[in-house]
Amino acid sequence: MKTSQEQHVCGSTVVQTINAPLPLVWSILRRFDNPKTFKHFVKTCKLRSGDGGEGSVREVTVVSDLPASFSLERLDELDDESHVMVISIIGGDHRLVNYQSKTTVFVAAEEEKTVVVESYVVDVPEGNTEEETTLFADTIVGCNLRSLAKLSEKMMELT
C-alpha cells in the first residue's frame, strides 16, 4: 500500500544517443559550473559554494519563458570513471520540489557514438497530476539532452 507521500512523487528516464565520442560528451556535461553551454533555459550560473566538484552548490537563473526565475542546485555525485552525475534541486522559486536527477553516459554499440541516460524523481506539486509533472520535466530534460547532442556533434565537425 502506498503512503500519501509516495503517491505524490513521480519520475522518468530520458535517453539521447549522440554522434560523438564519450570523452567529448562527458567533458561538456560534467561542467557543473557551466551548464549554459548546452542548457538553453539557463540565463546565468554562479557557484554559491565549492569549486564545481561534489558538494558544490550553484545558483541558476532561467530565461523568462519558464514559470520560475532561479534554482539552487547541489552536485551530489560526480564520477569521472563511471561517467555518472547526480544533481539535486535544493531551492528556488519553481515547482520542482525534491527534484533529483542521475545522468549516466555510456559508449554506444556503434563506433563514435554515446548514449546519455538521465533519470529523475520529483514531488508532484499540489494541483498538478503525475502526468503533467512528468511531461513538464521530460520536456526540459529532453530539450537539454538534444542541445547537448547538437553541441557535441557540432564540436565533432570542427575537429
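Quick reminder: no glycine exception, Cβ is built from N, Cα and C everywhere.
Residues or ranges marked as abscisate binding site in Swiss-Prot (evidence: similarity to another entry): LYS39, 68-73, 95-101, GLU118. Under DSSP, SER71 (abscisate binding site) is assigned to a strand (E or B) in the three-state scheme. A 10 Å cutoff on Cβ-Cβ distances gives SER71 (abscisate binding site) a total of 22 other Cβ atoms nearby, all chains included.
A mean pLDDT of 93 is what the model gives for the region 'START-like' (3-153). Under the heading region 'START-like', Swiss-Prot lists 3-153.
The motif 'Gate loop' annotation in Swiss-Prot covers 64-68.
The annotation site 'Involved in interactions with PP2Cs' is assigned in Swiss-Prot to PRO67 (among others).
As annotated by Swiss-Prot, site 'Involved in ABA binding' applies to ILE87. In sequence order, PHE32, GLU73, ARG74, LEU75, ASP76, GLN100, SER101, THR103 constitute the residues six or more apart from ILE87 (site 'Involved in ABA binding') in its chain with CB-CB distances below 8 Å. The secondary structure of ILE87 (site 'Involved in ABA binding'), as reduced to three states from DSSP, is extended strand.
There are 11 other Cβ atoms within 10 Å of the Cβ belonging to THR129 (site 'Involved in interactions with PP2Cs'). For THR129 (among others), the entry in Swiss-Prot reads site 'Involved in interactions with PP2Cs'.
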Using all protein chains shown, find which of the binding-site residues SER69, ASN98, GLN100 scores highest when you count other CB atoms within 10 A of its CB.
-> GLN100
Cβ distance under 8 Å to LEU96 (abscisate binding site), same chain, sequence separation 6 or more: which residues?
-> SER71, ILE89, VAL122, ALA137
Inter-residue Cα distance where the pair is LYS39 (abscisate binding site) and THR129 (site 'Involved in interactions with PP2Cs'), in Å = 26
